[in-house]
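K.L.:
The structure follows.
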Amino acid sequence: MLGKGVVGGGGGTRAPKPSFVSYVRPEEIHTNEKEVTEKEVTLHLLPGEQLLCEASTVLKCVQEDSCQRGIYGKLVCTDFKIAFLGDDESALESDETQFKNKIIGENDIPLHCVDQIYGVFDEKKKTLFGQLKKYPEKLIIHCKDLRVFHFCLRYTKEEEVKRIVSGIIHHTLAPKLLKRLFLFSYATAVHSNTPTNPQNHTVMFDTLEDWCWELERTKGSMKYKAVSVNEGYRVCERLPAHFVVPAPLPEESVSRFQGHGIPIWCWSYHNGCALLKMSALPREQDDGILQTHKNFLDGIYRVIHRPPYEIVKTEDLSSNFLSLPDIQTAYSKFKQLFLIDNSTEFWDTDIKWFSLLESSSWLDIIRRCLKKAIEVIECLDAQNTNVLLVEENASDLCCLVSSLVQVMMDPHCRTRAGFQSLVQKEWVAGGHCFLDRCNHLRQSDKEEVPVFLLFLDCVWQLVHQHPPAFEFTETYLTVLSDSLYIPIFTTFFFNSPHQKEMNLGREAQDAHSTPLHLLTVWDWSVQFEPRAQTLLQNPLYVEKPKLDKGQRKGTHLKHQRQLSLPLTQSKSSPKRGFFREETDHLIKNLLGKRISKLINYSDELQDSFREFYDSWHSKPADYHGLLLPHIEGPEVRVWAQRYLRWIPEAQILGGGAVAMTSRLVGMMEEVRSLQEKINERHHHQRALPAEAPSLLRSSARLSSLFPFALLQRRPSKPVLPTSGWKALGDEEDLARREDEFVDLGEV
Amino acid sequence: MPGCSRRPGLRPESSRQVPPASRFSSSKSSSMASAPTSKYNSRSLENESIKRTSRDGVNRDLSEAVPRLPGEIRITDKEVIYICPFNGPIKGRVYITNYRLYLRSLETDSALILDVPLGVISRIEKMGGATSRGENSYGLDITCKDMRNLRFALKQEGHSRRDMFEILTRHAFPLSHSLPIFAFVNEEKFNVDGWMVYNPVEEYRRQGLPNHHWRITFINKCYELCDTYPPLLVVPFRATDEDLKRVATFRSRNRIPVLSWIHPENKTVIVRCSQPLVGMSGKRNKDDEKYLDVIRETNRQISKLTIYDARPNVNAVANKATGGGYESDDAYHNTELFFLDIHNIHVMRESLKKVKDIVYPNVEESHWLSSLESTHWLEHIKLILTGAIQVADKVSSGRSSVLVHCSDGWDRTAQLTSLAMLMLDSFYRSIEGFEILVQKEWISFGHKFASRIGHGDKNHADADRSPIFLQFIDCVWQMSKQFPTAFEFNERFLMTILDHLYSCRFGTFLYNCESARERQKVTERTVSLWSLINSNKDTFKNPFYTKEINRVLYPVASMRHLELWVNYYIRWNPRIKQQQPNPVEQRYMELLALRDEYIKRLEELQLANSAKLSDPSTSPSSPSQMLPHVQTHF
């Protein structure tokens with residue numbers, strides 16, 4: 001049929017290894033069909049996408065069980081992606097079970113998704129970059145979404161090898177200009193009559209109205225005001241055009257230090273306490289300037305810190321919290337644990353898995369982020385204090401901590417629209433430098449830090465620990481993390497709203513050109529068909545029931561989360577809906593006054609944190625209220641779906657939590673259909689057309705890697721560890737002991 | 001903790017998740033315990049809430065009787081201070097019976113209850129002396145077999161500590177004081193007799209035995225051939241009883257190779273035994289060699305018999321020095337020998353000790369992962385699972401029959417055969433099937449429960465003790481975690497088995513082998529654990545269970561998927577407690593109830609309309625057709 005060879009043989013035969021294990025030796029492959037013409041698999045190009053170079057007779061190596069399979073095809077590089085065009089069997093698989101991305105195919109690698117490229121020269125694996133003197137016989141591509149591709153170039157014409165390898169290296173690794181992003185070609189080339197995209201009720205926070213709406217929603221408008229002082233980015237390029245500041249703050253002070261030293265409102269809690277962020281004033285040596293700074297800050301501070309009614313606690317995230325280089329180092333080590341070239345590597349690392357994980361310290365960083373968020377929550381909730389997060393630019397850890405706090409405290413942020421709005425508010429409008437942090441332009445490796453990914457991983461921990469509390473699934477988070485590298489969406493490809501406006505705004509274009517077609521990542525229909533989109537929706541999520549006043553009383557005691565305050569003990573402090581009536585603010589503030597006298601929180605921070613944390617966890621969780629994660633060692637876990645999804649050895653066939661979820665979805669559909677039947681009989685109505693059954697339902701037995709299991713193994717064979725036992729150390733003497741000391745005693 | 005009342009969840013010992021064994025009777029009066037069905041026919045969720053309200057009920061009489069099983073006798077009570085490792089000292093009254101230690105808090109803001117069967121106690125130590133100064137430094141420290149320690153502070157005056165120490169010692173270690181184990185005193189009655197669950201003839205018949213190649217022999221009826229084997233054995237048809245006797249002389253403790261399981265289609269078998277008595281001189285035994293060849297020939301598809309020696313290679317070699325050894329190539333021509341590198345009972349015991357060190361009372365926080373790794377516990381689990389997968393795969397692929405042994409064939413061998421059978425045969429994944437599996441591979445084939453657990457024995461440092469059975473249950477839990485729809489039973493079932501492994505309330509796990517049990521008339525004089533479980537089956541059911549026949553389960557024995565069984569090993573820590581009931585399960589149960597209600601309503605509507613509508617809906621999703629696959633069997 002096609003140029004496809006199968007190499008048999010178990011992993012048992014292992015010769016002494018060079019630095020790289022080439023498990024497909026081309027000469028071992030049954031290539032009797034070598035001259036067979038390649039079936040033309042057509043290259044799908046997006047609007048504006050251009051083919052740059054290509055090479056034919058490339059062998060893509062796929063590992064299946066202990067066999068390795070090679071598929072012949074064409075390797076191409078466009079200005080958007082690297083793609084392999086071959087006749088892969090998976091194309092024959094029924095569409096039923098496929099969770100397809102409409103933009104990125106199984107064999108497509110967006111250029112921005114490439115993490116590292118390796119070449120294999122004489123069995124040696126080397127990192128490739130810059131100009132090559134010698135061309136490798138094999139190309140290994142590690143992707144940022146953790147896929148690993150092996151392309152064997154032995155049968156490719158030398159000319160083509162040179163062209164494709166240098167092409168790929170140049171277009172993925174060389175520094176790029178912003179204007180050269182594929183985003184621009186795409187936006188220009190797409191002709192669409194629909195002017196705006198469906199954003200799925202996501203608030204974009206690019207207008208004053210959006211901010212006013214958020215203020216209203218959180219009942220923050222009493223004390224905070226939305227301002228447009230930065231319209232046209234006159235004051236500061238790092239701030240959005242519109243934002244919210246404390247009501248008494250004079251607007252002029254915003255421009256005094258280009259937005260530095262200004263408390264910017266993030267969110268208000270129902271007790272009236274707010275979460276604020278501030279970018280620090282530039283470091284100065286001059287005493288005079290320092291004094292000016294101090295006076296300025298004192299003035300600002302007095303605006304918000306007005307005991308006994310308003311107390312502010314400042315949380316400096318630049319010192320004594322994580323540093324950005326720490327995060328980057330940890331993630332570099334961590335991801336390496338999942339970028340696995342072959343089965344041998346998988347089992348070799350398996351024995352020391354836990355210590356490898358620990359030495360990356362990624363999970364510890366997650367724990368520290370969660371803990372910091374809980375500390376902030378403790379101030380807002382238990383101590384009735386405002387919290388002001390301070391960071392150099394207020395656009396990295398500020399975004400992380402403030403959005404984590406909101407996910408935990410505000411159930412709206414656990415809906416899909418709410419979560420997307422949160423990302424828009426804190427990250428996109430908040431000026432997180434996606435372009436630099438993702439190193440999309442490959443201009444400076446130093447700037448690369450996966451802060452947003454860290455946030456998603458923290459949210460995943462919450463989703464994993466409290467599945468019914470979120471409207472979205474872990475699959476949603478996984479595909480969102482993948483979307484960071486797809487340059488057709490504007491969402492994650494700018495450093496600030498200002499930068500986006502400058503490059504895509506009306507002024508940036510010629511008056512005569514057609515309007516640009518800009519997509520946001522929140523339009524999930526761009527990437528997924530409706531059926532696939534059902535996997536982003538959590539079947540367990542139940543919307544907050546709207547109760548009338550009478551019923552509310554009953555829920556008071558059950559959902560009571562009210563804290564460890566002596567004053568609130570006797571009196572039941574009801575947790576009504578999420579936001580209280582305005583009158584409660586005053587009471588709360590009065591309480592706050594007395595509390596501040598009782599507690600000196602700086603001394604008792606650890607104790608009060610522990611007590612707050614323990615007290616919350618000792619009660620049943622209210623999924624529509626405050627939600628805290630567990631942060632003990634065993635509870636912070638690896639986001640298995642994202643990190644293990646491409647590794648065939650890690651696949652549990654017919655197992656995993658997905659087996660349970662699919663039963664649940666099945667049962668839900670059954671109940672729904674029964675309900676319809678009853679309605680039909682009752683009212684003699686025709687049943688509504690049934691919804692498309694979800695992907696989960698359609699397949700009887702799914703792999704634990706669903707929906708990402710593309711490398712299906714044949715189900716009948718188990719995976720067996722190939723590496724042995726690690727030294728027992730001090731237990732060696734025990735191991736040598738006789739099994740039995742005593743003969744069958746009393747028998 | 002000023003201003004913070006102790007709410008139910010803060011109580012460490014009154015877990016709101018899976019209650020420890022004893023809790024099954026904790027909130028009931030003794031009379032109710034004899035009729036457990038009436039209490040437990042409701043779903044587990046409701047059950048929990050009933051219990052919770054009763055415990056927190058305002059009208060609760062503090063002098064209310066301590067829960068008592070029929071036959072349980074109250075011995076003494078004392079006022080003590082319970083030094084809770086999580087919430088600090090709590091004043092309470094401790095009641096001691098011949099079955100349990102029961103503590104109720106005397107503080108108004110704490111509803112703490114401790115309910116500990118004396119059987120779980122492994123060691124009782126006095127702490128502090130007459131000169132002890134500090135607060136609460138004088139009292140007792142009790143080490144339990146279920147991963148916790150209990151500390152009680154007592155008054156120094158009036159010999160109260162001496163009294164309590166002596167009473168506890170007598171009743172926690174009855175065998176060391178010539179007292180009967182509680183199971184022999186227990187007068188509980190259940191409407192199901194758990195002793196009837198396992199009938200070897202029926203179980204072998206289910207497997208299609210006897211057949212042309214395999215016969216049932218009663219040669220061990222009076223335990224003459226092997227005193228640690230059951231009376232009934234399945235052996236090759238072509239081997240005579242005389243052959244068996246000769247083979248027995250060459251196998252450690254006469255534990256000859258006998259059939260455990262036969263594949264229903266390809267007829268390959270799993271055979272278990274002990275090590276051959278090869279010794280330093282490399283002795284050979286023609287009968288043993290021939291016998292293995294006979295086993296090999298029962299399956300004609302293959303030229304070799306695969307032997308899995310569970311031990312590490314070096315240990316097998318070392319065993320030659322004490323007369324043991326393994327099957328060498330030159331003596332056993334048509335065999336292939338593999339070592340599975342599973343360590344001995346001493347290594348496992350130390351490993352579990354290390355697990356306790358990192359989880360009790362406090363969970364190691366910042367270096368959790370490396371601490372966990374240094375216990376090697378999951379590494380052992382991985383090796384056991386890997387071994388069992390290999391056995392199952394060999395048999396399932398039909399490539400060869402398999403013979404499994406370790407040294408004596410009652411620890412690692414039982415782990416491997418029973419896990420392989422669980423992977424191969426979906427019957428064992430049902431509640432009753434699992435009971436049969438435990439009864440057959442563990443109890444009847446002489447896993448030395450008495451020695452490994454030390455029931456009623458005071459010698460806590462006995463080198464024979466080892467958590468081999470716990471390890472097996474852990475492996476089962478790992479499998480059920482990887483395949484959440486494949487097992488009829490839930491986590492609570494496994495935890496209940498473990499709780500009663502120690503409790504001594506039932507006769508199920510007492511003694512080392514069948515001959516001893518028969519001598520003690522265990523089945524006549526004690527109640528079986530399966531009586532309790534089978535008369536409360538709903539409590540132990542996994543609602544997601546989907547019965548699938550002939551499906552082989554291969555778990556992934558990778559550290560990436562193995563995890564510490566937090567709900568068991570860290571269950572005493574209130575901070576680590578996981579959401580119970582599982583929200584996915586809860587939602588599913590709600591849906592199940594809703595579905596049943598709709599089906600009922602639809603049927604009513606159908607009846608009402610039957611005059612008009614002759615043909616009710618026959619679409620593929622018709623509820624009547626949906627019914628069977630959702631209903632759990634048994």
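Yeah, the Cβs are placed from backbone N, Cα and C, and that goes for glycine too.
What TrEMBL records for this protein is below:
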REGION    B:1-63  region 'Disordered'
COMPBIAS  B:19-38  compositional bias 'Low complexity'
COMPBIAS  B:45-63  compositional bias 'Basic and acidic residues'
DOMAIN    B:194-569  domain 'Myotubularin phosphatase'
BINDING   B:ASN344, B:ILE345, B:CYS406, B:SER407, B:ASP408, B:GLY409, B:TRP410, B:ASP411, B:ARG412  substrate binding site
DOMAIN    B:375-437  domain 'Tyrosine specific protein phosphatases'
ACT_SITE  B:CYS406  active site, phosphocysteine intermediate
REGION    B:610-634  region 'Disordered'
COMPBIAS  B:614-624  compositional bias 'Low complexity'
K.L.:
Which residue counts does DSSP give the domain 'Tyrosine specific protein phosphatases' (B:375-437) for helix, strand and coil?
P.N.:
45 helix, 4 strand, 14 coil
K.L.:
Can you tell me the three-state DSSP label for B:ASN344 (substrate binding site)?
P.N.:
coil
K.L.:
Widest Cα span across the substrate binders B:ASN344, B:ILE345, B:CYS406, B:SER407, B:ASP408, B:GLY409, B:TRP410, B:ASP411, B:ARG412, in Å?
P.N.:
12
K.L.:
Which chain-mates of B:TRP410 (substrate binding site) that are at least 6 residues away have a CB under 8 A from its CB, listed by sequence?
P.N.:
B:THR228, B:ARG255, B:SER274, B:PHE445, B:GLY446, B:HIS447, B:LYS448
K.L.:
If I restrict to non-local contacts, at least six residues apart, and a C-beta distance under 8 angstroms, what lies near B:CYS406 (substrate binding site) in its own chain?
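P.N.:
B:CYS406 (substrate binding site) has long-range Cβ partners B:SER274, B:GLN275, B:ASP309, B:ALA310, B:ARG311, B:ILE342, B:ARG412, B:THR413.
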